[in-house]
Amino acid sequence: RAVRGVMVALLWFAVLTPPGAASAAALPVVINTWAFRTAAETAWRVLESGGSELDAVERGCGQCEIDQCDGSVGYGGSPDESGETTLDAMIMDGNTMEVGAVADLRHVKNAIGVARKVIEYTKHTLLVGESASLFAVRMGFPYEDLTTQKSLSLYSEWLNQNCQPNYWKNVVPDSSKSCGPYKRRAEVTYKEEQTTSQRSVHNHDTIGMVVIGVSGTVASGTSTNGAIHKLPGRVGDSPIAGAGSYADNTAGGAAATGDGDIMMRFLPSYQAVEYMRMGTDPTVACQKVISRIQKYAPRFFGAIICANTTGSYGAACNKIPGFTQFHFMVSSPLLSRPTEQVVDCI
């Protein structure tokens, strides 16, 4: 009855909080990138049933791997230049500061599950490529084909469009007009990139999630199949601690999404958590991170979510044509169910 009374009071507080105000704070809180509702619901159920924050992150992101969220998480999406789907994921414990991550993972669907095993069964942080796959098999994960009819179709269409778009530059033949194989030009030209991020703004790439428990314990994680038509072996921001996500019990957690090749250079998740450590409101912390990247890459595609140890949260995104708002999910005692929220890009 006492708990019910607290819940009613919290719900009234949520109703009475004016729009645009700093997010009301309550714990536990689950926040994740994009409108990936089933991921949010799964993570929240884990917490409700007594699971740990790490459990919630693993199961929540894992749900997106199963659902193939927007084709940009999990198997059967974002084929690389050779037509293969490979996965990147990480999970971080904000209590011990341990990180488990996998990159360029082949033939194993549950990337974040494998990342969790890196923490539990090794003294390492990041495993990559086929060796990560062999580790996964030793941990009991099935070795299976990640290709689907959909990914084969995407690959076929790309080949028929002269391999456009792609991620090559300074090569012959001209990569903006034809497929390879490419060779390097004798002279490298350093011209400023004139185009907006090649990452399609409709291809909502990574799921990033931050979970903060009742006692303030923080966990974070990400999972993605990376940039579509990437060079084989390419690894983006998602499995890199401080870039894809970051968690610290003494400050909070953050997770990023977007053009990982640009965003990882700025360690946005780490930077956001450090801003929150200094007392910066989560929304402002997210905005400051986006602003820092804008100075160097004004047309980058990206967004970030932030939450501090009181349960206050926020998000920010970079405004470019076709991407003016960022949708994300929040689960909290202040909300009757996991709720989609929207922020205007800056």
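Residue numbering: from 1, along the chain as shown.
A Cβ is built for glycine as well, from the same backbone N, Cα and C atoms used for every other residue.
So that you can see what the record holds, here are the features copied from TrEMBL:
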- 1-24: signal peptide (SIGNAL)
- Thr206: active site, nucleophile (ACT_SITE)
- Arg234, Val235, Gly236, Asp237, Thr257, Gly258, Asp259, Gly260: substrate binding site (BINDING)
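Close to Gly236 (substrate binding site) in the fold, though at least 6 residues off in sequence, lie Asp88, Thr224, Gly226, Ala227, Gly244, Gly260, Asp261, Met264, each with a CB less than 8 Å from its CB. Each of the binding-site residues Asp237, Asp259 was scored by the other Cβ atoms within 10 Å of its Cβ; the lowest score goes to Asp259. For the pair Asp259 (substrate binding site) and Thr206 (active site, nucleophile), the C-alpha distance works out to 10 angstrom. Calculated from their C-alpha atoms, the gap between Gly258 (substrate binding site) and Thr206 (active site, nucleophile) amounts to 7 Å. Of the listed recorded positions Thr206, Arg234, Val235, Thr257, Gly258, the Cβ environment within 10 Å is emptiest of other Cβ atoms at Arg234. It is 10 Å from the Cα atom of Asp237 (substrate binding site) to that of Thr206 (active site, nucleophile). In sequence order, the binding-site residues near the residue listed as 'active site, nucleophile' (Cα within 10 Å of its Cα) are Thr257, drawn from Arg234, Val235, Thr257. Around Gly260 (substrate binding site), a 10 Å sphere centred on its CB holds 28 further CB atoms from the protein chains shown.
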